[in-house]
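Record features (TrEMBL):
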TRANSMEM  B:21-42  transmembrane segment
TRANSMEM  B:54-76  transmembrane segment
TRANSMEM  B:106-130  transmembrane segment
TRANSMEM  B:136-161  transmembrane segment
TRANSMEM  B:173-198  transmembrane segment
TRANSMEM  B:248-269  transmembrane segment
Ligand SMILES: Nc1ncnc2c1ncn2[C@@H]1O[C@H](COP(=O)(O)OP(=O)(O)OP(=O)(O)O)[C@@H](O)[C@H]1O
Ligand SMILES: [Mg+2]
């Protein structure tokens, strides 16, 4: 594993009576892509703002590339895509990006290349006021690429993007990670996160309830596999009696079973003969995993 | 540091040009200045001063209202609006300090304001010159009017940033700015006037009143222009208060206000959580 770029230790933030962040510890090493999941209001954006030094913490400490959040060194090492980017309407995309390049101390000549990279070269000299939401989001992404940051904080980067653009976005994120940027992505789109990140961190009401690879989270959750059993004729009642499942529509029965009980149940069902017409297996999806960790439900 | 201030200033200057602020401010200044110069050309003979002097006197009165108004209108949205749109958080994720952002905006807005003042008052001066009512003293008064108007604008720009930083929203900042303008430009004078009338020539009127007047940047602006030019003083009738003060007071007040207000703006900007 690479060098630790972001180190969050016991971060806490209270706002009035509300504990927005509570004892959050999280590390990110170079080249890692980490998904930050959690319900609305769980504290994802607040955590990012704390890392940027925009929001002071009430407890714990954060270091970005060895410096305090908000210090010049930390800011130079960090790129940020806010959850609702709004640039100045009367500027063109190129002018806006040129300002950021100047502030990031990145050669202004590279601006055109970055605009091209996010597919905005044609719209570069039009006013941002005329951009679509997705185009603004792309401009936001272009400024993340400036100056090869060590850490990129992306707050819901795919919001407003069409499916193709989402794909391109993740390709860009992969590219950044390959070049050594640690990328933290707050998101609600689980399917993308599932395929495109190395680690998943889940916040629940300000507490970090999970921080691991998808495989380990799946193992640890021990979520049941759902068997959907279709009955022959009106035998559904008998199956319910025999297995303790729940009847879904007149014909079928749903049965939840723990990973290690799965084969036993299948044997028992096949022993019931032609009462059973069909069995579909549904292993837990990321959505179930997410529900498990983010709500604290334990089925 | 200078590089980053200039980067912000360049962008703000572009915005000021694009959203026609510059054009609007300049047109307003030209219209008012020309109207006052032409209107002032009638009674010239009776006062025994030339045309430009009269015009500078009436433009001084105009500038007391207009310079703070234009400055506040330019400034009120600049921090609160950007915080609301989410752009401020992004900007602050770059290695640029809040003081640099503030100074960058200030440089751009003040340049726009200065441009409008120079063009507006310059056109009025040219008009008076064409009509033949100009001498060296009145030209000096005109230059002084332009420079002090820019200073007055600078003070209110910075006050506008301060309100913008502490208001929490652009609409809130607009309301506070309107209130600030009323207080400094209208209510303050009314209050002092009331006190003078009530005091009936006593200690307050003799000693405190001129200083209290000079403490307000808008009045300091007036006093400076009046005290420095006999002609303007005659035409505005403010010479009493002006002569009661040492010469340095009004200029010092007007020069200190932009600095003080910028420091205040910075203080509140630092405390703002975007
Ligand atoms: N400026 C603020 N003042 C007061 N409370 C705030 C502020 N910003 C956030 N909060 C509160 O902090 C909590 C966490 O908010 P945050 O924006 O971090 O959530 P989030 O996980 O990003 O949610 P979402 O998925 O909706 O973006 C919420 O309860 C919110 O109301
Ligand atoms: Mg959020």
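Numbers here mean position along the shown chain, with the first residue as 1.
Just so you know, glycine gets a Cβ as well, placed from its N, Cα and C.
Small disclaimer: the values here were computed from a predicted structure and weren't measured.
Annotation: stretch B:54-76 has the most Cβ pairs under 8 Å to the transmembrane segment (B:173-198), among B:21-42, B:54-76, B:106-130, B:136-161, B:248-269. Sequence-distant contacts of the transmembrane segment (B:248-269), counting only residues of its own chain at least 6 positions beyond either end whose CB sits under 8 Å from a CB of the stretch, comprise 79, 98-99, 101-103, 106, 148, 151-152, 154-159, 161-162, 165-166, 210-211, 214-215, 217, 220-221, 223-224, 227, 242. Using a cut-off of 8 Å between Cβ atoms, the transmembrane segment (B:21-42) and the transmembrane segment (B:136-161) share fewer than three residue pairs, counting only pairs 6 or more apart in sequence.
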